[in-house]
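**Student:** After the structure tokens below, expect a handful of questions from me.
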Amino acid sequence: MPELPEVETVRRGLEQKLNNFIIKKVEVCRDSTVAYPSNKEEFIKGLKNSLIYKWDRRGKYLIAQLKEVQNENTEFPLENSQNNGFLVVHLRMTGYFKFIENSTHPCKHTRIRFFDKNNNELRYVDVRSFGQMWWINKDLSINKVIKGLGSLGPEPFSKDFNANYLKEAISKRTKSIKAILLDQTIVAGIGNIYADESLYSAGISPFREARTIKKNELIKLKKSIVIVLKKSIGSGGTTFSDFRDLEGENGNFGLQTNVYRRTGRECRKCGNLIERQKITGRSTHWCPNCQK
């Protein structure tokens, strides 16, 4: 599943490529991709003549701020134009976007297509079809419509995410620290890859009970999380199967991982073999010598 660095890579690509993109037509190729409104025609109607004004990210969600455009000759910028709600996207396991100039026939696994007046297309492709989209009317609360958004913990790059916050959040938790990092209500956007890599960087065993981790270790863990995530974003994220950026390119962070998917290979620090075991159903990679 795309995690924070992959979603942020997509967000940056969308923001760069879709400057002043006005949706003139929407084609829903798979109804189940539209999570809200329940009527796909309402989804299509709501998005038509909307300018994609700005792309944001919250955890693993992409959020497009929309502006209402009645006249194609409207002058930019449109800061003062009427809001037209939000387009929210969760890529889930295999979803990704493609931007196509002078659109052609849809490729296999195309789920939703957005067109501008010049027939440029923003295409959403999803092999396993778990991804979802929401059009949220300007009069509605995003957090009320999408329950998962409202329950997200702080962003790893935010001031709210620090050692003091972590210490309080885990003080009574008997779960492993790996399970804690995967809990989106505690910290938003971290998944299996970056939990493993961050714990390795911090020298903390993924099996440690969260409540046993000392504050000085949490300071190091928070720093490691930020460093690992920034490094991955700089590499365009990680591609092991379906993830692509807007240009169709793979992420390169997978070539730099220290433990993730390196089972049986030598630790880059100590030479000990990397091991793998499941924690709460998720494959976990670590170095028993470097992580305590």
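Quick reminder: no glycine exception, Cβ is built from N, Cα and C everywhere.
What Swiss-Prot lists as active site, schiff-base intermediate with DNA is P2, and the listing cites sequence analysis. Summarising the annotation, Swiss-Prot assigns active site, proton donor to E3, K60, R282. The DNA binding site feature in Swiss-Prot is assigned to H109, R128, R173; the stated evidence is sequence analysis. Here Swiss-Prot flags 258-292 as zinc finger, drawing on sequence analysis.
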**Student:** Return the count of C-beta atoms lying within 10 angstroms of the C-beta of E3 (active site, proton donor), excluding that atom itself.
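**Tutor:** Step by step: centre on the Cβ of E3 (active site, proton donor), count other Cβ atoms within 10 Å, giving 21.
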**Student:** Just to verify a number: CA distance, P2 (active site, schiff-base intermediate with DNA) to K60 (active site, proton donor), in angstrom, no decimals.
**Tutor:** 7
**Student:** So how far apart do the DNA binders H109, R128, R173 get, largest Cα to Cα in Å?
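**Tutor:** Binding-site diameter by Cα atoms for DNA: 41 Å.
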**Student:** R173 (DNA binding site): which of the active-site residues E3, K60, R282 is the nearest Cα neighbour?
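**Tutor:** Looking at Cα distances from R173 (DNA binding site), the smallest one goes to R282.
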**Student:** Just to verify a number: CA distance, K60 (active site, proton donor) to E3 (active site, proton donor), in angstrom, no decimals.
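**Tutor:** A Cα-Cα distance of 6 Å.
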**Student:** List, in sequence order, the same-chain residues at least six positions removed whose CB sits under 8 Å from that of R128 (DNA binding site)?
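**Tutor:** Looking at Cβ-Cβ distances below 8 Å from R128 (DNA binding site), excluding near sequence neighbours, one finds R92, M93, T94.
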**Student:** Taking only the Cα atoms, work out how far H109 (DNA binding site) lies from R282 (active site, proton donor), in Å, as a whole number.
**Tutor:** 27
**Student:** Counting across all protein chains present, how many other Cβ atoms fall within 10 Å of the Cβ of K60 (active site, proton donor)?
**Tutor:** 23
